Amino acid sequence: MLWLAIGPFYAMESQVLVIRIKIPNSGAVDWTVHSVPQLLFRDVLDVIGQVLPEATTTAFEYEDEDGDRITVRSDEEMKAMLSYYYSTVMEQQVNGQLIEPLQIFPRGNVEQILINSNYFSKRFHQQLCFPKV
């Protein structure tokens, strides 16, 4: 029973995290995070800013098990997102399934920028290497 209580947090320290930043109508960018326990909400917004330099991103969303979008606006909400994600990862591992990256959806004026500038046109998927967090 104790393992269930501490499992997701142990997983956060021992695994590399891949965050897939979904670009509306354009594909996605994968970001590999090597130091998950030090990851802050501001770090995620900074990377989104590098992916979409002309957009103003104030938050991001992820999907829960019901497909509902949950908005993340703080470190506390991000910790809840990571805890949820790692519990799904543990479930996937137990069931022998492929581990999917954590998918996030930037919020702000992202869609307006993409419509106006066609920023990511003809790009489907891109892997970025950012400084280790």
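Note: Cβ is positioned from N, Cα and C throughout, glycine not excepted.
On a predicted model such as this, the values are computed, not experimentally measured, just so you know.
Under the heading domain 'PB1', TrEMBL lists 18-109.
Restricting the average to the domain 'PB1' (18-109) gives a pLDDT of 93. Taken residue by residue, the domain 'PB1' (18-109) breaks down under DSSP into 34 helix, 31 strand, 27 coil.
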